Amino acid sequence: MSSSIVIWVLIAVSFTSYFIISAVYKKLGVNNLQSALLATNGLRLLNLKHILGIILFGIIFYTILPESRFLVDVIEIPRLYVLLPFFVIVFLCTYISEVSVKKQTLNRTHISGYYLSNAWVYFSIRFAFLLSYEFFFRGVLLFQFLEHVTLFSSIFYSTILYVLIHIFDSRKEILGTIPFGFVLCLFTYYSNSVWYAFFIHIALSAVYEISMFYTLTLKNKTLS
């Protein structure tokens with residue numbers, strides 16, 4: 001069996017495994033931070049899901065694909081035509097997250113049993129997961145597809161799989177993954193690094209989740 005076939009088999013196994021994990025978590029009612037904070041042991045379960053994602057999307061492929069490590073190991077300042085849109089999109093993602101979290105928490109009456117101190121562990125794991133996530137979807141998938149098809153087709157196929165892995169999210173989130181996935185693939189391709197896609201993802205995710213975590217643990221002032 002050729003190395004290329006082995007890689008694609010591992011891609012299929014990793015993707016399918018995480019897809020099944022996501023389906024199980026959907027059944028458990030713990031598919032995002034908001035639901036996890038309001039469920040018994042929800043945050044521990046979500047941390048476990050992210051750790052599994054780090055292994056399936058990050059550690060495995062960083063280990064077996066040394067030729068793809070440059071996407072994580074190297075970060076350079078891209079040309080102006082890439083850098084300017086990057087800052088604009090980061091600003092837009094931050095703004096969208098801020099507006100979204102205000103809508104979500106405006107009439108929030110439930111308070112989580114967790115404390116703000118739990119945020120350190122969660123966000124450390126979460127950010128490592130997002131980097132692994134970007135490495136897989138915008139790095140491994142995109143560049144493996146590029147060995148066989150055009151750039152447009154590579155982005156299309158990578159985005160389709162990205163949308164599919166979000167199939168258990170809300171309809172709004174699923175629709176949002178289409179342009180989001182396309183844009184992140186472009187940034188990765190033109191910067192030869194997953195870091196810019198990661199920073200954009202952080203801008204969209206961190207503002208929302210940090211605000212959500214703070215709001216739902218607001219009454220739990222104890223930090224121990």
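Here, residue 1 is simply the first one shown, and the rest follow in order.
The backbone N, Cα and C atoms fix where each Cβ goes, glycine too.
Fair warning: this is a prediction, and the values are worked out from it, not measured in the lab.
As recorded in TrEMBL, the features of this protein are as follows:
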- 6-25: transmembrane segment (TRANSMEM)
- 46-65: transmembrane segment (TRANSMEM)
- 80-101: transmembrane segment (TRANSMEM)
- 113-133: transmembrane segment (TRANSMEM)
- 127-205: domain 'CAAX prenyl protease 2/Lysostaphin resistance protein A-like' (DOMAIN)
- 145-167: transmembrane segment (TRANSMEM)
- 174-190: transmembrane segment (TRANSMEM)
- 196-216: transmembrane segment (TRANSMEM)
- Note on the structure: Same-chain residues at least 6 beyond the ends of the transmembrane segment (196-216) with a Cβ under 8 Å from one of its Cβ atoms are 33-34, 37-38, 78, 82, 86, 89-90, 93-94, 96-98, 100-101, 104-105, 108, 110-112, 114, 116, 119, 122-123, 126-127, 130-131, 133-134, 138, 180, 183-185, 187-188
- Which of 6-25, 80-101, 113-133, 145-167, 174-190 contacts the transmembrane segment (46-65) most, counting Cβ pairs under 8 Å: 113-133
- By DSSP, what is the split of the domain 'CAAX prenyl protease 2/Lysostaphin resistance protein A-like' (127-205) into helix, strand and coil residues? 67 helix, 0 strand, 12 coil
- Does the chain bring the transmembrane segment (6-25) near the transmembrane segment (145-167), so that three or more CB pairs sit under 8 Å (pairs 6 or more apart in sequence)? yes
